[in-house]
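What Swiss-Prot says about this one:
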ACT_SITE  D67  active site, proton acceptor
ACT_SITE  N136  active site, for ring-opening step
ACT_SITE  H138  active site, proton acceptor
ACT_SITE  E143  active site, for ring-opening step
Amino acid sequence: MKVIITVNYEEMSKKAAEIVKKQIKEKPNTVLGLATGSTPLGMYKHLIEMYKRGEIDFSNVITFNLDEYIGLSPDHPQSYHYFMFHNFFNHINIKKENVHIPNGIAEDLEEECRKYEEEIEKAGGIDLQILGIGINGHIGFNEPDESIETKTHVVTLTEKTINANKRFFKSAEEVPRKAITMGLGSIMKAKKIVLLASGKNKAEAIKETIKGQLTTKVPATVLALHPDVTIIIDKEAASLIPDEDLKEIEVIV
């Protein structure tokens, strides 16, 4: 596991974008696993700027998003489908048929999960998976106590996650109670993983992910079992990492 500490959110976002750019340069038909939420927004902004400067070509890139709320249509402003197109896909030259996001209004949700796994396999698996992390250590919508072998599945969101996401809605009551998410087993199949975190509210989850014991209570600790993980965090998210452990960490200021 490689850990990079940056001075702030902006530098974290820039570093993450550079890693994605390098991946696509090396493999133009890269399969990216993508995340939503406020954390990767800066990375998407930098990738759009790189595209506009002619530094990156998304025309052969394939993407799979981690998750989607159940019950929200793709055009709902709080759906992750809407988020991705509004904040990223509409601003680059990606082919719409190469974009994959779980369908939260599918008639048969179990079948939707099975098909999503099939599509990932058909694409050759995920080359580079981008992750955020919840304050309780969840990745995707894999909440505490999930099996580390799960594939794409339907989850019931915890009150903690609902409260964390209510800022995107008018009230907590409007936050969907269920979602489709790629499972921990699906995520761990990615060839490379980059996890992003920013802010003091993520510091405890980051400390546990980097130095804690492997436990389903903190889903992100499973990343210690993956052979190619890079964690990029700002100083605030790194604030609880013990000083003696900082010697092993790359710090970018």
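First residue shown is number 1, and so on along the chain.
Cβ from N, Cα, C; glycine included.
Sequence features annotated in Swiss-Prot and their locations in the structure.
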residue	record	CB count, 10 Å
D67	active site, proton acceptor	22
N136	active site, for ring-opening step	18
H138	active site, proton acceptor	25
E143	active site, for ring-opening step	21
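The two recorded residues D67 (active site, proton acceptor) and E143 (active site, for ring-opening step) have their Cα atoms spaced 13 Å from each other. Of the recorded residues, N136 (active site, for ring-opening step) and E143 (active site, for ring-opening step) place their C-alpha atoms 8 Å from one another.
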